[in-house]
Structure formats: C-alpha cells, structure tokens
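Taken from TrEMBL, the feature ATP binding site covers 174, 176, 177, 178. Residues or ranges marked as compositional bias 'Low complexity' by TrEMBL: 88-114. Taken from TrEMBL, the feature domain 'Chromosomal replication initiator DnaA C-terminal' applies to 379-448. Among the features that TrEMBL reports, region 'Domain I, interacts with DnaA modulators' is placed at 1-87. TrEMBL lists 88-125 with the feature region 'Disordered'. What TrEMBL records for 352-471 is region 'Domain IV, binds dsDNA'.
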Ligand SMILES: Nc1ncnc2c1ncn2[C@@H]1O[C@H](COP(=O)(O)OP(=O)(O)OP(=O)(O)O)[C@@H](O)[C@H]1O
C-alpha cells in the first residue's frame, strides 16, 4: 500500500468517524509496516494505541479490506523515541507526590513557566476520550428542566476566569449530561485553543490510573493530569467504592483547584447521594456549583423532536411527516431523550424504506414495542378522579352508595376504564369501589359496552377520558 492509498483510506475514515475522531485518533497514526496480513501503525503513546485498538481497529481493518488491502489484523506500537526522558519527567513530577500544602506552590510555579514555553506533557499524550461532533450547544435544545445546567455549561465554555469550581452536573439517564460536557469541550477548543482541555469518563480515569500503577509510571500520570487547564470527568459515580482510584482522583482534584483550573464533573445523582464515595470527596464536589438536569417536560421533548425531525427531513429528502405525529410522540415517550431519538430514527428509516408519509397509523405500527414499554401505568384512583372531574361529581360518590343515574353512570364508566386500562381483577376493582362485589363490576362494564354501541356521545367521552389518562 502506498502512502497515497493510506491517505485516501484516511479520508474515508474521516467521513465515517467524524472530524473530531479523525483529528484526534486517526491522523496521528503512521503506517509502519504491512505484511503477512498484519498492518502495523506507530502511535505516540501506549494509551493512544490501546484506545485506537479498542475503538477504531475494526473500522480501519474494514476500510483497508474494502480498498483492496487485505489484512486480518491491525496492530499499534509506540513510536520509538516518543517517550519523554524518564528521569527528568520523574524528577519534575516528584513534586506531585509531596504533601499537598507543598504541592500547591511547588506545582504552580513550574506550571506557569511551562505554559509560557511549552507544557511538559505534549497535547497528544493527553488521554482524553473522543468528542462526539454532534454534541454541541447548537444542537442542545433548552427548556425549563435544563436551563440552569445549560447556562452554567455555557459560562464555563467561555473559558473566562473560574467562577465556580467544580461545575457538577447531575441527572437521570439520557438527559443530556454527556452532550453538555462535549459541548463545553468543543466550545473551549474553538474559543480558547491555548487551553489544554481534557475530557474523559471516570472509567477511563481509573483504567489509566491502574495502567500507570502496573507500568510503574504513576508520576507520569500525576504530571499529565496536573498539566491540564480544564478537566472534565463524566459519570464520576463509577469510582465510588474503588479506593485507590478515589484517592488519586481526590489528589488530582485538589491540585487542579489549587491552581485555579476549571473542573467539570457529571454523575447520575447529587454528590451527597453517591454511595461509597468518600465523605471528603463528596464535600469537595459540593464546593462549586451543583446543578441538576430535571426529567424532560412535554415542551422540551417536543422541541427536541422538532429539531431532530428537521435534521432527518434534510437527510431523507421527500419524506413528509403528518401533523400531530411529533406531539403524539412527545406525549407518549416520556422515559428519556435517548429513547425518543431512537424512536424518531427508526420511524424515518422505516418510512423511507416503505416510501410512505409518516402518519399516526404508521407511527403506531412501527413503534408498537417502544410505545407499549412507555405506556403510563394508570391507577384506579386516577381513573376515579378524572371521571369524577369530567362529570362534575364528587370523588366520594365513586365509592359511595348513591344510585341516582347521574352518579351511577359515571361510576360504571370508571369501572369500565379500570378494567380496560389497569391489570386489576374484577374483585380488586370491586374493593376500590367501596367494597362492591365483582358481579356488580362486571355488570357495570357490560352496561357501558352496550351503551357505547348506541350512544355516540358516551363513546366520544370514553375516547377523551382514555386519551387524558394515557397521555
Ligand atoms: N436538551 C437536549 N437537546 C438535544 N439533544 C439532547 C438533549 N438532551 C439529551 N439529548 C440527546 O439525548 C441523548 C442522550 O444524552 P446524553 O448521552 O448526554 O445523556 P446522559 O445524561 O449523559 O446519559 P447517561 O446517564 O446515560 O450517561 C444524546 O443523543 C443527546 O444528544
């Protein structure tokens, strides 16, 4: 294979993996050897090699094969002479092992000097995770539940003086923590290319630390983490209960705060609620700004769907989406944004395959499983309350003994809906309706079924109530 053809394959990889991944992980690879079905690449550090091997080796192999370069394996080896002179690095980093009070001053001075000349740790040695090119502030939809987190992230991304440290973002699964962290990193890279920004997951922090212990290069590890200007650690709950990693994280954290370097942390819950996290770490994490991403509301879900639908309309030209479909999805899928996005992706892919407009019917067919899983669990109490409100009777009349038609009929409607919308048995429903017998419930359910066939007003009422209860 010539350098030209590797150049072409690299271009294809850039297209496949996105600009950021390409620049960070693919461009620095140097093809050193190709024989016996093995392609060997030189990499700047062993961590770099491990990462590329774990995340991109398959892509590289597939693209080589697709371009007629038959390989069974790709391997990565550290470029000879890349490692810094161990002795000087160890000596410089030894400060990092000194007691903390000393560390602060001992480290601050050389760090400032190093910045003026060149950092002691080269940028390509930073063990960051790749950034997702799609996770930017532009693509982040802001609503009430996430507006504070968004504003705080924006402030940090300006790269100005550190005003709160750390910024701690927390919230449930798929609510946009990682998206915001990547957005901060992208923005900082654009606005302040002079800053060394390191984003990685807590798991990678641990992996990197354990590797340093194994390779007896803990000093290098310390030096590297203390040389960054902005450290972002995702999913910090991961290190809870992992004693030596917590210890190291604590020291890294303190060293950076002492140097007035910005730290951004994310987790699935508030610092005080992370089990098995040392108290001193919890209290350090609470020192800055702790912001919570709340579960999405209807407006935010609709906004996200509208934005993604615009994107897909561009991608699948000619596909149309009927009015009401996005609103329906925003109502029905309330679990998390990842599920919402997955639903829309599937919907557009399906509609383009069958060449049909995205209507409500098509949506219900195509997403039956997701919609079933997201169905709200309706309770008998909710049904009684909604029906009582709708017919303007008292909630107590639902379980009371009155037999007047204007009370008995709504009560039967509530019985019917309880049978339809909950998994409760007739005797259970009877107990919730003032201890009535199951035969009374059965009678009520049948009565409503009969009436529905002839009374269109009643049928409409039932439709509406069902929608309200399930929405
Ligand atoms: N407000 C938003 N605007 C646009 N996209 C969003 C928003 N919130 C979440 N997403 C999208 O939802 C998906 C899940 O978000 P992300 O990975 O950031 O969640 P997370 O909070 O880090 O979840 P986890 O706990 O699983 O790590 C991503 O594709 C992200 O782009």
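Note that Cβ sites are derived from N, Cα and C of the backbone, with glycine treated the same way.
Automatic prediction, not curation, is the source of TrEMBL annotations.
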Helix, strand and coil residues within the domain 'Chromosomal replication initiator DnaA C-terminal' (379-448) as assigned by DSSP: 52 helix, 0 strand, 18 coil
Number of helical, extended and coil residues in the region 'Domain I, interacts with DnaA modulators' (1-87), per DSSP: 46 helix, 18 strand, 23 coil
Residues satisfying Cβ distance under 8 Å from residue 174 (ATP binding site), sequence separation of at least 6: 335, 336, 337, 338, 339
List of residues, in chain order, with Cβ under 8 A from that of residue 176 (ATP binding site) and at least 6 apart: 140, 146, 149, 293, 337
Mean per-residue pLDDT computed across the region 'Domain IV, binds dsDNA' (352-471): 90
Long-range Cβ environment of residue 177 (ATP binding site), under 8 Å and at least 6 residues apart: 169, 170, 171, 234, 266, 293
Other CB atoms, at most 10 A from the CB of residue 178 (ATP binding site): 19
For the ATP site built from 174, 176, 177, 178, further residues of that chain with CB within 8 A of the site's CB center: 171, 173, 175, 179, 180, 266, 293, 337
